[in-house]
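Feature list (source: TrEMBL):
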BINDING   MET26, GLY181  substrate binding site
BINDING   ARG101, SER154  ATP binding site
Amino acid sequence: MHSITNLVVANLTANALLAIGASPAMVEGIDEAAELAAIADALVVNLGTMTRDRAEAMVLATASARAHRRPWVLDPVAVGVLDHRSRVAVALLEARPDVIRGNASEIIALARRAQIHQTDAVGGRGVDSGDTTEAALPAAMALARATGAVVAVSGAIDRITDGVRLATIANGHEMMPLVTGLGCTASALIGACLAAAPPFEAALHGALFTALAGEIAAEGATGPATLQLRLIDTLHTLCAADLVRARLTDTHATAQDQH
């Protein structure tokens, strides 16, 4: 799986992918990004540590993925906080991502910057979301309908929507926000699932695996550092028997969810 991620989380992301049996390729060079995206089973683009070269590589890779019918995930880290990354994120929507995953503030900000949905919610808080996933749901649904992507909003309760269908995941642990990169990890796992499943199911399972692994790992963790280590081990050993712990719903959105 091709991952153009950020410097802060590259190691964690690669190890999480290896733990579930995926084969990560962390290629971000301008000369190689498009070539790899054309043959990879899936692509994940993460805007975390944005540079001009990375932005160009992302544009090339996503265009190549779309041209060669390779599924891809957009993780719009800190969109709405800084202008350059916000413009890049909106431009990347032209390559039609199959899944968009972000926290509540990022999804609200992306929908606003793309002139898809306007709201009184704050948005633009970056990796430390100042909005709830419930508050972001109207923006997520509008973004999904306008782009054709499945939108996954991460938070205390994860919400996944294609604009009509709505799933919620209530697994996780309060210590997870203290480990940097777990949202990015969710995007990577969604990408791995996207190589083998349709977008909605891939987003649902990738988000569920992350939340469930974090919840199980936290049971034996003494703090954020041990949580991170145990999360990788838990992803590696996660099995069907663990799914009985899943707290999820899968329904159709109501009119109230859309406004």
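Cβ atoms here come from the backbone N, Cα and C positions, even for glycine.
Sequence-distant contacts of GLY181 (substrate binding site), defined as residues of its own chain at least six apart whose C-beta falls under 8 angstroms from its C-beta, comprise VAL8, VAL9, LEU12, THR13. Cα spacing between MET26 (substrate binding site) and SER154 (ATP binding site): 23 Å, rounded to the nearest whole number. According to DSSP, ARG101 (ATP binding site) sits within a strand segment.
In the three-state DSSP scheme, SER154 (ATP binding site) falls into the strand class. Other Cβ atoms within 10 Å of the Cβ of SER154 (ATP binding site) number 30 in total over all chains. All protein chains shown were included, and the count of other CB atoms within 10 Å of the CB of ARG101 (ATP binding site) stands at 32. The Cβ of MET26 (substrate binding site) has 14 other Cβ atoms within 10 Å, all protein chains considered.
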